[in-house]
């Protein structure tokens, strides 16, 4: 029996001399140094027993061999300490990791993989592109090892979007190469009957979106007690209100002994918002918390007007990114060179986007359709994706962009999370994100794996409060216009205007295209209506950010040329821009009721009313302005982050704490206050013994941005605050989900003329038939439609095995098939043979032939059994004779006209 390999694998400096004690064994499987690799003849010929010099020479030779470079060892690699080899992974998995191109684990992988292998619940956060997917896939494959003969799924990976689930499936397939693990993908839009077969085939790993997985669980009455490994990818998105009902039902069915893992690029420090996940003594790994975006990312924020957004977008594409018009080079040539003998699917391509590849993020799907058609009309190669698009169309559009067939991908936030597109150069935020963490996920699509990338954001005047929220969240310096020479686009938030001449030219072309294309004009009208609804429903910015945004928009730097275009600014051009800014911001001193009152010296009744109203309003405004000036004079040195948080008591305590804490330098960037202004309030606090209820380095803007339920909302929102302080003691077991009150809320229904529960409006069941799930949450009644029973009868399958039961050959789960990457389907169409009148089934066969002739299948494809549709001379002659016989037989005269 071969000797078991050491676990963990010995590091570089360790010597294994036991290999020489067993000359009959080989260490190739265990990774040791075999005896055949080196020449020991001169050393070991007739060794004298008990000779210490021989032993020392042998050990010295072994050490010298182990310290050789990997290039000198043919077919071997030197195992380095601290790498994947030191984690105790099996050989197949190490080969898959090497084949993938990974040599050294990333920080999140180095921290998370050992904790996961120790069966600890984990909450992991690291910036985008840091290898979070591999951080939970590698230990999952290490723990599962091989396919289990007992029925039941053992690992579940939940993803918020279909594209992210497909990408996770590709990673799992690459790392599980060399094993017999079965992995399935369950997303919406695919055939439900095929997914019945996937789940009946006893898969080991299930990668699914919450909605479709819940549908299959209810329809098939799945038992999830065998699941031992659960991953919530992009957990902050999954635990938002959109997936509340699905996750509540799924979590209720999972066993309490499972291992739960939560991963995302934006997670709060407090785990209270993930209480529903059922974490047991979790470990929190937050890496790069102070650096939310990649250091290789350069960002530019352009101040634009609402009517010039389309022209500004075209200016960025043409003049800044220099996007070529038309299809990318080489696309047509590659398609013509494709061989018919060797076919490759979508997964078999190399996936090489062009150096101009750009993603444009918009607010709604109506904006996606509108911009996609506009850019196609402008001559660009465009793909588009949004949530309600057909699944097949989504895959085709994304693959076209991955393979470089298109240069632009217009999407909603459905593609903002987790989608890894190699060599993506640019990200454009056409609609500014309403939450800081959404911006982090959007720009995280570029500047990945050490590559450089750019992000461009269009900021209107109404988006300025969200820009300030983002600046506070990132903790970067705000640079407006030309106030700073040579600003850092990766370290600062640089805001400025675009060049007027190119923008005006593109705006004119856009207005012309609206008159020429009725489709674009109609789509623009729909997008405008959708934007109005979007603005009413998006999260509100912080109140202090809204106040500061007025000063920011009114400043001179808001309309100055962006530093991205250089410092050489024409004086006349700048004067023209300033004049246009003054005209656009002009506010008359008189109202319409007072026009002409000074020249005519006569006062009308309306002018007199406005005069009396102005007497009352003017002193009040002067008092408010004086109070604001006094406040600014007191705290001139207060940075923007402290001003934004000055309205909450928590942040005041934090700022006072920063006065007494001189050692925490990293927190000074975020919360600093003037000690002279609050000296009277802080005298009673002893810096040695005073203990605050918040951490010293607490950043309220950051935690508010990371929040799952709040997102970027104002903490003074009454609904959120009321939910936090509500305590109900009755019927607490019937609560829908965590943190929601259980008392019934009713509303008057005009149609039924009675009070009905408001829950129907909130959970989407209004006007739809709902049923209660096992956890008490309402789910759609269509989840129990009986389609699984019909599928079993159609496939002649009996009852599925119970969880833990041994799967025997010939059973239902053994007969079902799993997707194997390449699916072969019979696509040949052949017509049946002509019916033989001497057979018993002549009529049936004749009917089949007639159906094939009618559908033009096989040899009937070109017509009635002939190769051409036109009749020949003999066919026409025979048809005339037959027609004449019928006329004579009928013996009726023809009708006279």
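The backbone N, Cα and C atoms fix where each Cβ goes, and this holds for glycine too.
In Swiss-Prot, the feature region 'Disordered' is placed on 1-36, out of the ranges 1-36, 37-72. Per Swiss-Prot, the listed range annotated as motif 'DEAD box' is 233-236 (candidates: 229-232, 233-236, 237-240, 241-244). Counting Cβ atoms from all protein chains shown, residue 129 (ATP binding site) has 22 others lying within 10 Å of its own Cβ. DSSP states for the compositional bias 'Basic and acidic residues' (829-838), grouped as helix (H, G, I), strand (E, B) and coil, give 0 helix, 0 strand, 10 coil. Here the motif 'DEAD box' (233-236) has a mean pLDDT of 88 out of 100. Nonlocal intrachain contacts for the motif 'DEAD box' (233-236), taken as residues 6+ away from its ends with a CB within less than 8 angstroms of a stretch CB, comprise 123, 132-133, 136, 157-160, 164, 168, 262-264, 266-268, 274, 277, 417-418, 437, 706, 708. Taking DSSP states H, G and I as helix and E and B as strand, the motif 'DEAD box' (233-236) has 2 helix, 1 strand, 1 coil.
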